[in-house]
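Annotated site 'Important for tRNA non-discrimination' per Swiss-Prot: 38, 90, in sequence order. If you look up Swiss-Prot, you'll see 182, 228, 455, 496 marked as L-aspartate binding site. If you look up Swiss-Prot, you'll see 206-209 marked as region 'Aspartate', on the strength of sequence analysis. Taken from Swiss-Prot, the feature ATP binding site covers 228, 229, 230, 237, 489, 541, 542, 543, 544, and the record attributes it to sequence analysis.
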């Protein structure tokens, strides 16, 4: 028989009981995590979001409560009233927050039953992710996921407190907006009232937050949902959350200073970690030169080494010809990996090929010197110069790629991260931040044969590079900045264009006709004509930030109801077909291929 609450009020969370509560009468409510019979006594681990409490049913203390406890099974919903007592000698559980106490039950209510579970809720049990997502309401009861989401809530609270304390206003921007596709595809929402027309769900609040700056709200923020209809990867979701900020009458230094304070506050209050301020900075060019990527992981070395000048006249034609053709030769020193087998090196070669490398040359450093198929092609002077550049020692493994600069940097940069993971160099408890600055403003899209924005079309060029936007676009640097943590970009921002003339020029450089720019962005251009202030901002990816704070392997473990890599919610079975009546109201029909 299921009981009603009958006016009972919870006095404590299960996981909040301490030795200071001994002697108190308490009312606890939660789920039966585990039940054990011990010689007439029944022990139940009662669980809620704060943790576990051991409750004891003694037939001598309360026969009625003990009788009810006999029917309790895992995940039954239970309320108990009882007295907090110390655990007997030898039974204290130092691994449990409530491990010094237990509750001797005087009354019990069974508030609901549960079917047999499709999987156990212990954190250490490996369960197929699709099964977990299908029964997400059960999966979310697991302590590790509850801790992740509680921390997520805490980060959002810290963010609001910090930003409002620094003069920011929390303002909302629309979810039903105009489609202005740049990069990823928009999610489209058909309008019932305006047949044949569509809203788009925002990929970011970018345009509206800039218009808020034009409107005089000089410090804005929002913890906001964004949407992108793109092919999904392990760390991407079609809907995601940003901490979105914008400021007026500022420069890059103002934004970076305020945001460093936010990040430091978050890490201090959630991890007890000190973020040393100011956070180090590195230009985009330096990052590419040293690490091959614009989001370097600074927890380990394995820096890339430029070798083009050393090998440009070498007898090894593969290297020399690449340099002569405008390419580069780089390498990295996998310290202590000289004992790798040929198969292991072949696996590294195949990995590098994923990112465009045609091959991976290698040298094993032995007591006799270089051991490599390419050793015979180099002079003693060239070998000595490379040894010095690599700081090569006996037992090291030197790896080389020769190709176009982009291929070399991409493949070696990714290989660097791959090696670090396989060598156990990634400490999840170490947090290494770096600002990457001075990005290129534009990059040439070889497929589309046009210039594309490296960040987005609203990023301002460096003042000293403005004159080159039309004449030499590849030379222009942007007033852009990314915050990188352990190789993950957790925030990206820029100073924005605030003059209509420059914004129109940017659209022109991106291949928009004047008419097309007006159709898509006319409201922004119009706003700029009415006294737009200098402004800039940043957006932090909340999901990825929480993933790093919790040490989670998947972004899906820090989102309450995530989608699969196919964009599906297995629990609610979305997306789904809709009936013809709904389609007719929208003036739509489906086309079956």
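Any Cβ shown, glycine's included, is placed from N, Cα and C.
From a predicted model like this one, the values you see are computed outputs, not experimental measurements.
Where Swiss-Prot records a feature, it is marked here on the structure.
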{"residue": "38", "record": "site 'Important for tRNA non-discrimination'", "contacts (Cβ under 8 Å, 6+ apart)": "none"}
{"residue": "90", "record": "site 'Important for tRNA non-discrimination'", "contacts (Cβ under 8 Å, 6+ apart)": "none"}
{"residue": "228", "record": "L-aspartate binding site", "contacts (Cβ under 8 Å, 6+ apart)": "184, 185, 187, 203, 238, 240"}
{"residue": "230", "record": "ATP binding site", "contacts (Cβ under 8 Å, 6+ apart)": "184, 185, 236, 238"}
{"residue": "455", "record": "L-aspartate binding site", "contacts (Cβ under 8 Å, 6+ apart)": "439, 478, 480, 492, 494"}
{"residue": "489", "record": "ATP binding site", "contacts (Cβ under 8 Å, 6+ apart)": "294, 295, 482, 483, 541, 544"}
{"residue": "496", "record": "L-aspartate binding site", "contacts (Cβ under 8 Å, 6+ apart)": "210, 213, 458, 459, 460, 535, 536, 537"}
{"residue": "542", "record": "ATP binding site", "contacts (Cβ under 8 Å, 6+ apart)": "152, 155, 156, 223, 240, 241, 242, 243"}
Which residues of the same chain, at least 6 past either end of the region 'Aspartate' (206-209), have a Cβ under 8 Å from a Cβ in it? 173-174, 177, 180, 220, 222, 244, 246, 456, 458, 521, 523-524, 537
One finds that other Cβ atoms within 10 Å of the Cβ of residue 544 (ATP binding site) number exactly 20
Helix-strand-coil residue split for the region 'Aspartate' (206-209), DSSP-based: 4 helix, 0 strand, 0 coil
For the ATP binding residues given in the record (228, 229, 230, 237, 489, 541, 542, 543, 544), what is the largest pairwise C-alpha separation in angstrom? 20
In this predicted model, what is the average pLDDT of the region 'Aspartate' (206-209)? 97
